[in-house]
Amino acid sequence: MRSNSGSAWASKSIADPARTGAAGAGETARQALTLARMNANSPLCLRLDSEALVSNWRALDRMSGSAACGAAVKADGYGLGAEAVVRRLTEAGCRDFFVATWAEAERLRGLAPSLSVLHGVRAGDMAAALESDARPVLCTPEQVLRWKDAGGGPCDVMVDTGMNRLGISPEDAVSGLLDGLALETLISHLACADEDSPMNAVQRARFAALAGRTPARRMSLANSCGIALGSGFHFDLVRPGIALYGGALVPALAPVVRQVVQPRAEILQRRRVAAGESVGYNAIWRAEADTEVAILNIGYADGYFRAFSNSGAAFEHGRTLPVIGRVSMDLTAIRVDAAPHLAEGDRVDIDFALMDAARQSGMSPYELLTAMGQRYSRQWSE
Ligand SMILES: *Cc1c(COP(=O)(O)O)cnc(C)c1O
């Protein structure tokens, strides 16, 4: 597995409060300055590869032929930081972005050329929705009527073609329910795009049957894996998420999807563990001989799950440094006999090649990314 050492991640992304102008006077300015310093000095870092992100989007865009290629940036851009993702993909030419909630939409105000909110409009969302630039993806007949009654503007509609998650039925979609809506995109979602399943053709056929029978200007079916199912699934717009962020869930995506996320942790303490002694909770690792051990500032609260206990690894200059013992909430031990020079304050890359990490932990790449949490400084390469 590849270690992303090198100079691409020069800490250029650290916010300079004087430049951002985010802080007001007095206390706020002092807090912003303190935060910026803490961030600059953050001992736990998520290095994010801008070029890989953009390259992944371009590859998916190419695979999608004449269909437009959007981006799902819900759950804070799958944990990478939605704002940073939207800025980079917009610059690359992406226009259509998808979030789950109105709070997520609010954080992207003014950044995304086109933004859709997948949860639609609950009654409690109406004030925010009517005032927002984002469009609701209306997903129940009640939501459709609510939006019409309020004289809401452009919207999208989710139609359920077999997943039985969100969406109005195909029958309702052609019943006249949607008449009068400023319907931008009719959307449906594939249940089994990452498998060779008969469900894919069934959903595709049900969706294609709606073409020209609703007021929709565009139609959109495919997520990341749906793109790999071929041109019959592309319609007018595709909505990849996980593949943008390094998740190649089907073989066809593996050659084009690059790793974007690289966690980097710091050694808080180096110690020699004597033969017969154990390391960590429940003493699940025991030294057969005297062993050099480093304690890292990363744990399951950072999405580095207990499944990596006694099985994960860190990298340092191409050397593999295995995780030993149980991963704790904020700490993980690695074996460093192979790296005698490593000392307190040094940093190592965590082995986090996404699909390998998913296999190894038994978790999905979606879960691994969205669990990364708030303790990392997120540093984008330029
Ligand atoms: C999350 C989501 C996507 C993106 O799916 P990936 O599998 O991450 O590519 C697309 N469409 C909808 C409706 C979604 O909820």
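Glycine is no exception: its Cβ is also placed from the backbone N, Cα and C atoms.
Bear in mind that TrEMBL entries carry predicted annotations, made automatically and left uncurated.
Pulled from TrEMBL, these are the features on record:
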ACT_SITE  LYS74  active site, proton acceptor
MOD_RES   LYS74  N6-(pyridoxal phosphate)lysine
BINDING   ARG165, MET329  substrate binding site
DOMAIN    260-381  domain 'Alanine racemase C-terminal'
ACT_SITE  TYR281  active site, proton acceptor
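The structure, with features from TrEMBL marked on it.
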residue: LYS74; record: active site, proton acceptor; DSSP class: helix
residue: ARG165; record: substrate binding site; DSSP class: coil
residue: TYR281; record: active site, proton acceptor; DSSP class: helix
residue: MET329; record: substrate binding site; DSSP class: coil
(request) With a 10 Å radius around each C-beta, find which of these recorded positions (LYS74, ARG165) has the fewest other C-beta atoms nearby. (result) ARG165
(request) State the Cα to Cα distance, in Å, between TYR281 (active site, proton acceptor) and MET329 (substrate binding site), rounded to an integer. (result) 11
(request) Looking only at C-alpha atoms, tell me how far LYS74 (active site, proton acceptor) is from ARG165 (substrate binding site), rounded to the nearest Å. (result) 17
(message) Let's see if you can do this one: DSSP helix, strand and coil counts over the domain 'Alanine racemase C-terminal' (260-381), in that order.
(response) 23 helix, 45 strand, 54 coil
(message) On the 0 to 100 pLDDT scale, where does the domain 'Alanine racemase C-terminal' (260-381) sit on average?
(response) 97
(message) By the count of other Cβ atoms within 10 Å, pick out the sparsest of the recorded positions TYR281, MET329.
(response) MET329
